[in-house]
Amino acid sequence: MNICNKPHNKIAPEDLGEAVPEVKVQRARRNGWSWPLHLFQVLAWLLFLFFALVGFGILVPLLPRHWLPAGYICPGVCFIYHLVVHLTAVSIDPADASVREKNYLGPLATFNRNQHAHVIENHHCHVCDVDVSAKSKHCGTCNKCVCGFDHHCKWLNNCVGERNYWLFLNSVLSAILGLGLLLLVAFYVFVEFFVDPAVLRSDQHFNALRNHMDRWFVFLPASPVETRAPAILVTAGIFILLSLVTMILLGHLLTFHIYL
């Protein structure tokens, strides 16, 4: 998929006949770590921590002993891969090569809508004040030209363009796979809790609680913390609901980009 072969999107005033004042000077953002952080970006990290903590700290340790290796390895590989590609997609500067060669983090030229119909004219950006590729578009949020601009991702807090598009897709795909595997584990634990809870108590720490089925452990085997049965059920239920909502949103996003 060559995402750069797209029409050149330009930014133009709605009515060229109106007298529009100069746009207020705005500094450019380098990547997803540039301040301010977006609320969706923070939410994405909180969800990642929740799914990892609950999935690998509470749900997977309750699997039967012969399923534990697969329970840790399969979703674990997906989560680690997702973390790597997500961090890389956030950290990359997707700006046009000419923009990256310039110290564009300082004050930028002010775009005067009375003098120019578009931010980019004849492959020259009047805000970045450099000649850019025909594949580039100026992002109003990051205030810089991005080659192969696809969209500005609020979850990454960064533009998605030619330099990080495949990282973005891999991030979405790995999140769906990893979360889908943990969702299967959560369903299994939730159902077995009502069918045969003894199956979920294969860890040696449960030997001391053989006659106390209302008492359970979380964060096995390294740091066992005792809790009650309802806490396990509520946690698994919340995990399932959040996982389903997240996977629906991610699945819609992935399907849309595959379609494009």
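Cβ atoms here come from the backbone N, Cα and C positions, even for glycine.
Note that TrEMBL annotation is computational and uncurated.
Just so it is clear, the model here is predicted, and its values are computed rather than measured.
Helix, strand and coil counts from DSSP across the domain 'Palmitoyltransferase DHHC' (120-260) read 72 helix, 28 strand, 41 coil. What TrEMBL records for 120-260 is domain 'Palmitoyltransferase DHHC'.
Positions annotated as transmembrane segment by TrEMBL: 37-63 (among others).
The list of residues near the transmembrane segment (69-92) in space but at least 6 beyond its ends in sequence, with Cβ under 8 angstroms from a Cβ of it, reads 31-33, 41, 48, 51-52, 55-56, 60, 63, 156-158, 160, 163-164, 167-168, 170-171, 174-175, 177-179, 181-182, 185. If you look up TrEMBL, you'll see 69-92 (among others) marked as transmembrane segment.
The transmembrane segment feature in TrEMBL is assigned to 165-191 (among others).
Taken from TrEMBL, the feature transmembrane segment covers 231-254 (among others). Residues of the same chain lying 6 or more positions beyond the ends of the transmembrane segment (231-254) and with a Cβ under 8 Å from any Cβ of it are 47, 50-51, 54-55, 58-59, 62, 169, 172-173, 175-176, 179-180, 182-183, 186-187, 189-190, 193, 216, 218.
Mean pLDDT for the domain 'Palmitoyltransferase DHHC' (120-260) in this predicted model: 90.
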